[in-house]
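Visitor: For R83, 106-109, 172-174, Q178, 223-226, R403, 414-415, the entry in TrEMBL reads substrate binding site. Among the features that TrEMBL reports, ATP binding site is placed at E102, K261, 317-326, Y328, 351-354, E378, K405, D411. Here TrEMBL flags E102, N104, E321 as Mg(2+) binding site. Taken from TrEMBL, the feature domain 'Glutathione synthase substrate-binding' covers 162-258.
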Amino acid sequence: QVVNYAPFTLFPSAVPGALFEQAYAVQQDFNLLVDAISQNKEFLERTLASTIRVDDFTARLFKIYTQVLEEGLAQAVFLGINRSDYMFDRGVDGTPALKQIEINTIAASFGGLTSRTLAVHRHVLKALGKSEEASHLLPNNPSEGLALGIAKAWELYGSQSAVVMFLVEEVQRNIFDQRCIENELWNRNIRVIRKRDVFEKGSLDDARRLYMDGQEVAVVYYREGYVPKNYDSQNWEARLLLERSKAVKCPDIATQLAGTKKVQQELSRPGTLERLLPGHAESVARIRATFAGLYSLEEGDKMAATAIADPDWFVLKPQREGGGNNLYGEELRQVLEKIKDSPERTSYILMDKIKPQPSKNYLLRAHSPLKVSECISELGIFGVYVRQGKEMVMNKSAGHLLRTKAVEHADGGVAAGVAVLDTPYLV
């Protein structure tokens, strides 16, 4: 076990100011949308029907979701922490446009470490004699914003002695990112425990209150549970126990399902946003303006044939979170050739490949040579919302994350060892 520094860029990267503001302006709309999807059983059932038939992981999550709904929800307070990720697409005329890559509704990470990245870049600019430029970097503290949401959910749960439980993996490379949020909670006198052995130590009382090691749990904050390898038969049992409990889950299973790629593709269909957010025409317009082209592989072979003929214009995405899963170029062509006539194709979505304008920077990573790289960046905006019953108690953006990687890497984030932490310099 070695402590290592998180990788980062030497300099902040230029980001178009208008697109940065657009990403912030639409975040509360996305919060409303995710929450609306999580409460719409009919929409989730219809949208995920084909995926459930071929993707065992989504099917098992969905089975727990329906089981808990049939029993009746014990949970009354709902907490969403999501991160909407964008790239800056270079249009035909060279004007950049904001295009959403995905929205992460479970274990959206780097809110903690990116809260510290700003100070690094301010220092670098000052050391270069660029104090004026250093003063232009915007304040950013997602760890405080995310903790505010968790604290609000804890308060509404209504038990001073109850704890917040961070659900974590056995070996946690990203522990310091989590500690930033944890320390914000301790500073508010909210007790935090870090656990993974829910099957052995977790139990429910008659009122379906959740206990771990005899301590009542008010909020369960997932920092794992988004990939199949996080689950064995005991962990599936534990997930059911957590979902049945009164504790505030961040996310509850419905919100995790709302973040699937298949849902993202369904949202791009004409009329879907209007049905999910009736009476919110302006929100719908702001959300739709960020969509890239998304295509289903269920409807005939035309899209698959187009992508096979010209794979460099597309990305093939499986129903997986955590980065490093997407397929490009020749690999995309081979997989599509293999699955184009099988039911398995319904577990993928096809998306237009975004073509951003590269810039130059140095990527500082342990044991890597220092050299100037052609880079592209991805902007994430953190969103937090808390709903009690039907009433939205909190809905806000909570800070931003800029990740930058060398152009030769098609896919993968910081956790996948490809991207590094960055700070936007608005131009």
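Cβ coordinates are placed from backbone N, Cα and C, and glycine is handled just like the others.
I'd like to know what surrounds each of these features in this structure.
Guide: For E224 (substrate binding site), the number of other Cβ atoms no farther than 10 Å from its own Cβ, over all displayed protein chains, is 19.
Within the same chain, the residues at least 6 positions away from K353 (ATP binding site) whose Cβ sits under 8 Å from its Cβ are D312, W313, F314, V315, Y328, listed in sequence order.
The helix, strand and coil residue counts that DSSP assigns across the domain 'Glutathione synthase substrate-binding' (162-258) are 38 helix, 26 strand, 33 coil.
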Visitor: For the domain 'Glutathione synthase substrate-binding' (162-258), would you mind checking the mean pLDDT of the predicted model?
Guide: 96
Visitor: From the Cα of N104 (Mg(2+) binding site) across to the Cα of Y226 (substrate binding site), what is the distance in angstrom?
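Guide: On Cα coordinates alone, these residues lie 10 Å apart.
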Visitor: I need the CA-to-CA distance for P318 (ATP binding site) versus S109 (substrate binding site), whole Å please.
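Guide: Cα-Cα, rounded: 20 Å.
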Visitor: Name, in the order they occur in the sequence, the residues of the same chain whose CB lies under 8 A from the CB of E102 (ATP binding site) and which sit 6 or more residues away.
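Guide: When sequence neighbours closer than 6 are ignored, E102 (ATP binding site) has S84, D85, G259, K261, Q264, K317 within Cβ distance under 8 Å.
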Visitor: Within 10 Å of the Cβ of Q178 (substrate binding site), how many other Cβ atoms can be counted across all chains shown?
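Guide: 22, counting other Cβ atoms within 10 Å of Q178 (substrate binding site).
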